[in-house]
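Colleague: One structure follows; several queries about it will come next.
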């Protein structure tokens, strides 16, 4: 995991397996089926990285050989909240890693001005819960900012929100950081820039279309 001095709340997950899988996802010749499988796999690996600092406590259990005090995640419950539609492909890997996690959904699309339009919010109970929001791309940053706005307006504090993405543009990370400097953002890659159509360069194309096999 490495940092970028420009963006204090950004962590880049540079594990070799994550980078290897991301390269295959970027390849335009990767099939929809393979892209979907890679998205699940890379999200599982990224989930392992971002949860490494969850606090632990101990619980008394009995093993086949006798009693012991064993570590378990302390206090906070976990929830996975994909940003529709492409975020759904990331939730599978996270739930595989954390089977007890609750699942919510935030539906957002970008209008002609690349501004977020909300059409759905479904969340589990918020009390004493850490939320992992996921969306493959942070391009302009507006959808990510809006998704975090949804959580904070409902009283979820910054420290209980983690945002997970595969690829981000510096422009989007800057927007996100200005809006939510206390929310941690985790990505597999910070790419070069946005083009005139607000696509990430070099990016991986439209993640939703590649995941579902649709045309934009």
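Cβ atoms here come from the backbone N, Cα and C positions, even for glycine.
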Colleague: Which one, 27, 206, is listed by Swiss-Prot in the same 5-phospho-alpha-D-ribose 1-diphosphate site as 85, 110, 135, 136, 137, 138, 139, 140, 141, 142, 143?
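Modeller: Looking at 27, 206, the one Swiss-Prot places in the 5-phospho-alpha-D-ribose 1-diphosphate site next to 85, 110, 135, 136, 137, 138, 139, 140, 141, 142, 143 is 206.
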Colleague: Under DSSP, is residue 143 (5-phospho-alpha-D-ribose 1-diphosphate binding site) helix, strand or coil?
Modeller: helix
Colleague: Beyond 200, 205, 206, 207, what residues of that chain have CB atoms within 8 A of the centre of the uracil site's CB atoms?
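Modeller: Output for this site, in sequence order: 136, 137, 167, 199, 203, 204, 208, 209, 210.
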Colleague: Could you measure between residue 141 (5-phospho-alpha-D-ribose 1-diphosphate binding site) and residue 200 (uracil binding site) for me? Cα positions, answer in whole angstrom.
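Modeller: It is 11 Å, counting Cα to Cα.
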Colleague: Between residue 139 (5-phospho-alpha-D-ribose 1-diphosphate binding site) and residue 200 (uracil binding site), how far is it from one CA atom to the other, in Å?
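Modeller: Approximately 6 Å lies between the Cα of residue 139 (5-phospho-alpha-D-ribose 1-diphosphate binding site) and that of residue 200 (uracil binding site).
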Colleague: Roughly how many angstrom lie between the C-alpha atoms of residue 205 (uracil binding site) and residue 137 (5-phospho-alpha-D-ribose 1-diphosphate binding site)?
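Modeller: Residue 205 (uracil binding site) to residue 137 (5-phospho-alpha-D-ribose 1-diphosphate binding site), Cα-Cα distance: 10 Å.
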